[in-house]
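Q: Annotation source TrEMBL lists repeat 'WD' at A:10-51, A:67-99, A:128-162, A:173-204, A:259-284, A:374-410.
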Amino acid sequence: MPAIEFVTELPGHAGPAWAVSWNPCRPILASCSSDKTVRLYGYNVKQSTDSEGANDRFEFRFLQEIPTAHKRTIRSIAWSPNGKSLATGSFDSTVGIWEEVDEYEGVEGVERYQDDSVEKEWECITTLEGHESECKGVSWSSDGTLLASCSRDKSVWIWELQADGDFECISVMMEHTQDVKSIAWHPSEEILASASYDASIYLFADDPDSDWSPFQKLNPSLPAAPASISTEGSTSLSAATVESTPDFVVPPLQEPETVWSLAYSPCGRYLASGGDSGGIRIWERSGNDIDSRWIERTHVEAHRARACFALSWIAGSGPADGADEISVGRLVSVGGDGRICLWNVAKGEMQQDQTSQPIQMQLLTLREQAHTIYDINSVAVLQRNVSPGARLFATAGDDGGVKIWRISDM
Amino acid sequence: MAFSGALQLTDLDDFLAPSQACILPVKQKNKVTDQAQGLNPDTDIHIDAQNNYYEVAISSKPSTAAPAPTLKPTDKTVGGTDSVGVLQVQQQGAQGKQLEKAEISLNDCLACSGCVTSTESMLITLQSHLEVQTYINAEDDNRTGILTISPQTLASLVTSYTETPSSSSSSSSSSCQGLTMTQLLRRIRTFFSSPQNGGWAGVWDTTFARHLSLREHVAEYKERRLVGKGKQALTPTSADDPGTPLKGGGLPMLASACPGWVCYAEKAHGDLLDFVSHTRSSQGVMGSLVKQWWAAERKKTPKDVYHVTVMPCYDKKLEASRSDFYSELYETRDVDCVLTTGELDLLLRERGFNPFQAVSGEDAHEVSPRDSPFPELISHSGTSSGSYLHTLIDALAREHHNDTRLVTRPVRGSEDHVEYILEDAATGEIIFKGAKCYGFRNLQNLVRKVGKETGVKAVGRGIGASKLSAAVAARRRAGKAKLAAGQDSAVSSSASSITEQAEERTLDYVEVMACPGGCVNGGGQMKPKSENAATAAKQAAGRDEEGYSRDWEMEGVEAPKTQIDEGMRWSTKSWVAKVEKVYWSGLPTPPQSPKADGQDQVVAEEEHKDRKISAVDPQIEIANKIGQQIIDTIVESSKKSLSTTNSAEIAYEARINFLRTRYRKVEGDVSGLTAKW
């Protein structure tokens, strides 16, 4: 039975911490905050003799703080796929691109940070202006050539990396009617999803005959079903669910809710979205074309009546031991209720009409008050496989803290 | 929405208010004098039945503040709120003081995102077709009416009137022959000149004004060229000297005919304003012509003339309300009211205009001097947004001592972002590099590029990064080129045919327009007609055939791949292409190089050899002559009114006042980002 174990806390931000992001190539974790700084942490694994890695120890240390020149809260950060650039999206409406001034180009970072000697300066190589108000999200496409940003000004922008290192705006999309909360790129194709306060999700793709444009608007519609609980963990988990049951019965949600968070499954066939009333929805792609329709498959209660602020899939999380469903993967969700939930997402039995296969979400484990009474704003699973027996993920909360957790028994 | 268990005050702000940046400073007058007179500072504000506001002292006792002791409960119940103020005024005599009403007009508009972009209702009520209706219907309005119509408006109306929902795109050319822009202009003129429709003294198009604007534009370019590249103005204006017209900053010069772009530049890119052309737009020049020249010719004061323009764009209303176009002396604006194309159509329909009702003399080659003091529908070859760039290229090619060659290159394959490089045909030396740049997205890149080239914007600090990114970008380019190779083999060779010299050359001039497709696609133009427009509109509104509210996708109705908005977008695009076609077909001389066929030409070269010896279009020649006469008249009249002896200076100043304007940076306070809520 999987469990979420606390590894360490990385304090230091003077204001709420908004986002965490793992460098995909080097052992660095970045976090950002209302204090207008980005903090970088290095880590290494002290491997235990135990071959299953169950007793591996993780050591984190503070590397440096990028003061940034942002004038207001840094709301989101994202590492480029090659791990060399860091994008920051700020409430001052700008996006910053940060790179290391590095004379050891090509030297693997692992060694460098392990030998504890050099510390490179992170410099702002360019600023992307254009949003009229708070930038809420930044995201790199899978090959790192496109950078998307979204803002309270209701727009979604796509920038293309140029050969001279500068960026060129290739699209400004104004379809949303409200604040755009977050954006996410498909893990392998050039499909961008955006989530908004207008209660919808747009999916954008490049129209070869024209410009970037939305090919589908997703309107969440399924009512939320109670979470099904893993049989192994039934006692403790059902206690948690029972405890959370309110004294009065809240009727099923009828009004549209803000979509806060998005995450594509590692295989790219599913999209998870987190809503303001705490539910998680799974959308499935119906074909293999770039503009294939996405269909809502399930909606489960996850964070009581509080918003589900962030979602992160665990790459390579195979089917749960011996189960006969086909696994989609495991998903971590965090929200305004201070909970961290670990989910198993799997395909259910094919319906009789052979057209749709339901998606089942099973709550494997959860952690209450992970940042005490504070909201959890961000979660990021470390996708590099650094220890065979455990997966790490980081969370950032309104308490300004960044916490590292470990999922054991995967 | 539930609040967090640990709600904290931060600068997070997720709640939207429509126009929070729209704040006008509150002016407080006479406060000090009131206190000096020893008036009781404790006052209440009361409203009477006529919605007049009164400031009323609430206590006659000079000592401590007693909250409303004189207001007996019975006053309220018996007299109601209306009577309270009145009663107080009567009881306390002169202490009740009527307050001045705060008025907000278009002049106060900061063009923040608040209301202009989300709801245009404010603009529509202040400069609406209803206001023009009021003018027409008023018995006692003795002002002489002048209506001036943009050629893009005429093209849009002709397209709209001649396109029937069933006519396919292929038959559009034949149906257009039913009505030309000239015919429509003359029919509208006849219609409005009749007394029951207002008896307008003139209904003209704005191409003659544009002609003057284009000439002045070229003159300004040459002035700026003397200043050099990236240099700031020769005579920088200071805050205490706001009256002096700017003599022009350096290059690149950015066109200013598009008020959407000007507003955006003033609001978001104040540091680039020096590069924005100071020449008035065709609407601005039309205002000068009507109010300053024509009125004087007719021995009228500017205030006696009611000038209405019809423009393809809502933002022209904002342009007309700029303080520079207001004459304090005559208390009048150069343009009193701006209608959009759609509003003119509404006005015409409300008054029963039939666009297919032929009028006498509508096919005459020349406009009769009785009908218009200016030549009609002058063709300026180039773009349907005013041909600013092409006119300049033409002028520079003519002035060059050798034959020239024009190389064009779409940036990223876009028709809305094209670079034009003028070279010496013999030596290959680059004389000029210009660009046309339409649409908000291309504008972003322009702003970045110009900011970088001129150094007024620090786009980035480090350059060490470029090597890293180059490899990634190159990969993507290679991938894209591979994709494109199947369709067009020219793509790979295109990069090499543009010389490095051309790449390095910084921009000299940019024709900037905020709308994709330019002015023919302006926000105020007629909306596309399409066969299933009605159904599409219904579906877009989420209603089914019976008008019931439905959410199609929610009900599992799998919409086909050509979705509603996609269909709309396509029809808009083809609609704009039709308007563009009409725009050029209505003109007597064909344009030089409008890429109406939509061919994705990567590199086009055009010999300018013939251009130099080719005779000037007679129509242009006449326009030049009349234009010169008008400028001379203006200069003469200003000589009389001024006592300065330096005639060259007067001539320059007079021309500047007539043909140019200036811009101001909108200060950051109103950006909404700095405001804390």
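Note that the numbers count up from 1, one per residue, in the order the chain is shown.
Each residue, glycine too, has its Cβ placed from N, Cα and C.
Any TrEMBL annotation is an automated prediction that lacks curation.
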Q: What does DSSP give as the helix, strand and coil breakdown of the repeat 'WD' (A:10-51)?
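A: The counts are 0 helix, 22 strand, 20 coil.
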Q: Can the repeat 'WD' (A:10-51) be said to touch the repeat 'WD' (A:128-162) if we require at least 3 CB pairs below 8 Å and skip pairs under 6 apart in sequence?
A: no
Q: What are the helix, strand and coil residue counts for the repeat 'WD' (A:67-99) according to DSSP?
A: 0 helix, 17 strand, 16 coil
Q: Same chain, outside the repeat 'WD' (A:259-284) by at least 6, Cβ under 8 Å from its Cβ: which residues?
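A: Contacts with the repeat 'WD' (A:259-284): 181-189, 193-196, 199-201, 218, 220, 222, 224, 253, 294-313, 315-316, 328-329, 331, 333, 335-337, 343, 345, 359, 361.
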Q: Give me the DSSP three-state residue breakdown of the repeat 'WD' (A:173-204), ordered helix, strand, coil.
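A: Taking each residue of the repeat 'WD' (A:173-204) in turn, the totals are 0 helix, 17 strand, 15 coil.
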Q: Per DSSP, what is the residue count of the repeat 'WD' (A:259-284) in each of helix, strand and coil?
A: 0 helix, 18 strand, 8 coil
Q: Mean pLDDT for the repeat 'WD' (A:10-51), rounded to an integer?
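A: Value for the repeat 'WD' (A:10-51), mean pLDDT as a whole number: 90.
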